[in-house]
Every structure is written in structure tokens, then in C-alpha cells.
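Worksheet: the structure to be examined is printed underneath.
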């Protein structure tokens, strides 16, 4: 079987698996977030944290809950790393330095999982399981909660109430993420991923000498790392490591986990707003971009540019032979179009245009299908922008799902789409202009610029992957990327919740003959066009200096 055919068959199998899971999971999540009942274990949690799950919150109160919980999480994870040397199960590792502890705490709480450290050489069992893995669950649940709050803004009327943050947080963790992760961990263990609390083993090598291998609760962390679109690896090699991702089936299964919840949330959206066709329109937009980018990536990586590529069956530099070009390309697009950032290959070693696709995938705002929760609210913001543009073209007041998109709403949406590129581009410019950050670049020219741009784009979009030729473990990058991750996560949430509150207060407008039918293919095309044009206008100058220049030169 040719490598190209193998890659296409993997993509077909992945689409089929996602299609089978779409309806049951999407409907289940709609029931979870619409139910008035609380499980017994949830009641214990509410009692322990002193929260009343039945109190409805307006958007400022909901936002305070998000920020307070996240602030406490950052502080807890920072302290846990700083005292690691005194904890049992530390495997002899020292406590983490202040700048790196801040960067890691910000990274995992924001669902970014950017790592400027070697996991198997820095973090013991307690920090990995009691700190990082816990944040993998709750940071993903925070994202879903904010997305659900925005959906309620569309579905509710004449009220500013968006639900209860604490209830949404606990339900997302207990009823959605935990069950999915338990099943996924069992599958990964069956595939060969390790799951233990062993110490460091010294293993003899065929050529003489020895190698140090770490044990750990890898399968359980790998499951939520992918299902929660987190991405932080137990090992430095991330999902290229055989202990995390043993073979071709586990690789395809991990891609399935990455895409599962973000795609299914469009069904949840359709259920909660009372129109499944609205959810299908959003799904069609996501799928169009995802398949288009995947096909383009496979073409760039399979394209033969000389005898070495012909023999290898594509651009194999930086890729695992057990995954091949096809599996690595599908994984790379999935991980950058979502907020995952996990890698099974070395993105810096992709072709110039292939590396540009991973960068552009993040710059779209990770909305196809995007992160767990963040993908849905991101594309709904873009839908508001698209409706507004359509309204300007025909001279009508824009409406979406029966809600008027006025000056106030469009200001919130505009601020949302501006904050992330501003963070990425401003900090990239600062790093290139100042002398000290440049010392971390191992490559010069267009590729070196791409490394810096990729790092800040990854941080601002809460992705976490990297062009790993950059030495990011410095005070400058640990501090600035940490700040970018926090601002890139929580400032957009302010505008999302403010928009949700504004929409929830409105009286629904009945559809008329002139109302734009947002469930039709025409709107899907308009939305895809708006996403690509806005992204292109924002990032094209920077892309021209980096991956485009490198790709054309080669």
C-alpha cells in the first residue's frame, strides 16, 4: 500500500468514527448542561467549596467565578512546583525555578500546556498527577462552561442570567471529561501506553551503556491531554514517545480524542438553541476548513522534491516511521486547528509550507473545530461577525438566532477577534527587536523568525505546540509567554461573557422574509470566507516574512 493511500484511508476511518460519536455525545452534553438535577458526588463537591449550584448568575458574576477559580489554580500549581523537592514521589527532582513555575502554572491553567521543560527530567509523580493532570480536566471544563454560557445567551431572552459557573464546571468534569478519559485510558493501556508509579529504571542498550527510563501514570494523563485539547506531554517527545503513543492505531485514536468533543459541541449547540440545523451549519464550517487544511498539509508533505523524498515516500524528516507522513500530517493539523498542541512529529522539520499550515491553523483562532469549549465560542463570535458583514451588504439590521446584533454586540465581537493577534504580533515584534531574546534562536533568517512567531502565536491562542528549535527556557520567554497565555485565555472570555449577557437580555425577533437564513449552505460559505479573509488580512505580512518566504525559497 502506498503511503498516500494509507494516509487517505486513515482520514476516512477518522471521519467515520467521529460521525458515529457525534450524535450521542452531542445530545448527552446538551442534557448534562440543561438538567436541573445534581449527582450525589456533585453535591459533595458543592458543599466542599461552599457553592450554591442553583443560583443563576449574570455575566459579571459568571466571569468572577471563572477568574477566581483560575487564579487559585495558578497559585496552587505554582506553589506545588516550588515545593516539589520536599514532596514524596518527586523522583529526586529539585523544585522548579520561579520563572519556569510561573510559565507552567499559567500554561496548564489556561489549557495551553506550553512546556519549556523536559517532563521526564523535571516533574515527579505528585506534580504530574496532582497538579498538571488535574488542570487538564478543570481547564477544559472551564472552556466548555464559557461556551455553554454563550449558547444560553442565544437561547434565553429577557434575562441576563447565564447559568451557574460552579455547576457547569463540576458537571463538565464529572459527567463529560471523566467518563471519556477513563474509557480512553483503558484503550491506550491496551495499545501499550504505560500506567504505573514506578521510579527511574536503568536499561541496557544494544550498543553498550545504559539509558534512564521513567515510569508514570501516562495513559490516564494522555487520555485527558487529548480529550480536553490540552496537549502537555508526560515526556518531552510528547505523543511521539512510544510510552505515550505506541503505534499507528493509538495515533489515530488520539487524533479522534482531540476532535471528539469540539465537533460534538456543535450538536450540543443545536440542541440547546432549538435548531439542529444551526448546529449543522457550524459543523459544516468547521469540517470544510479542517478537511481543506488536512488535504493541503498531506499534499505539501507528500510532494516529491528529489530522490530522497521519493525513497522515503514524502518528507520524513522529524516524523516517526511508525506513523508515517499521513498520520503525522493529520495529527499536526488536528492539534493546531484545536487548542491541543500535542505533537507526534517535529513541526519545525516540516516543509516550509507545511510549517506555515500549522502556524496558520492556530492563527485562524483555532475554531475548526477549536479547543474544548473555546472552539465553539470562537466560531460563534465569527458567526456574529459574518452576520454583521452580511447585514451591511444588504442594508438590513443584522440578526443571528433571533437576536439583534447591534453596536454593543459587534463591539464585544470585534474586541474578541483583535486581542489574540495583537498579543501574538506585538510580543513577536518585541522579541525580534530586543537583543536578548534573539540569543535563543537556533536558526536565522525566515525560519528563525517563524520560530518566534510560532511561539507567541501558540501562547496567545492557548495551543502550546512549538517550533522546538527555539530555546524557550529563559527568563524572557518564560515570563512573556506566560503573560501572553493568561491574557490570551481570559481577556477574550470577558468579551464572550459580556456578549452572552447582552444577548440574553434581548427580546427575540421573529424571522421575516428578509432574514438571513443562517442554517443554509450560503451562510456556511460566508462564514468560511469571513474567517479566511480576516485571518489573512491580519497575519499575511508576518507569514510572508516567515513560512511563505522559506517555502518559496525551497
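Quick reminder: no glycine exception, Cβ is built from N, Cα and C everywhere.
Keep in mind it's a predicted model, so treat the numbers as computed, not measured.
Quick look at what Swiss-Prot lists:
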TRANSMEM  1-21  transmembrane segment
TRANSMEM  60-80  transmembrane segment
TRANSMEM  131-151  transmembrane segment
TRANSMEM  174-194  transmembrane segment
TRANSMEM  246-266  transmembrane segment
TRANSMEM  279-299  transmembrane segment
TRANSMEM  375-395  transmembrane segment
TRANSMEM  412-432  transmembrane segment
TRANSMEM  481-501  transmembrane segment
TRANSMEM  525-545  transmembrane segment
Highest-contact recorded stretch vs the transmembrane segment (375-395), from 60-80, 131-151, 174-194, 246-266, 525-545, CB pairs under 8 Å: 525-545
Outside the transmembrane segment (481-501), six or more residues from its ends: residues with CB under 8 Å to it: 58-60, 62-63, 66-67, 70, 74, 102-103, 105-107, 110-112, 114, 116, 146, 149-150, 152-153, 160, 162, 377, 381, 384, 409, 412-413, 415-416, 419-420, 423-424, 427, 455-456, 459-462, 472
Range from 131-151, 246-266, 525-545 with most C-beta pairs under 8 A to the transmembrane segment (279-299): 246-266
Per Cβ pairs under 8 Å, the stretch of 1-21, 60-80, 174-194, 525-545 packing most closely against the transmembrane segment (131-151): 60-80
Distant-in-sequence neighbours of the transmembrane segment (525-545), which means Cβ under 8 A and at least six residues beyond its ends: 281, 285, 288-289, 356, 359-360, 363-365, 367-368, 379, 382-383, 385-386, 389-390, 417, 421, 425, 428, 446, 449, 453
Beyond the flanks of the transmembrane segment (412-432) by 6 or more, those residues with Cβ under 8 Å of it: 363, 365, 381-382, 384-385, 388, 405, 438, 449, 452-453, 456-457, 459-461, 476-477, 480-481, 484, 487-488, 491-492, 495-496, 498-499, 502, 534, 538-539, 542
Residue numbers, six or more beyond the limits of the transmembrane segment (1-21), whose CB comes under 8 Å of its CB atoms: 248, 252, 255-256, 259-260, 263-264, 294, 298, 302, 313-314, 324-327, 329-330
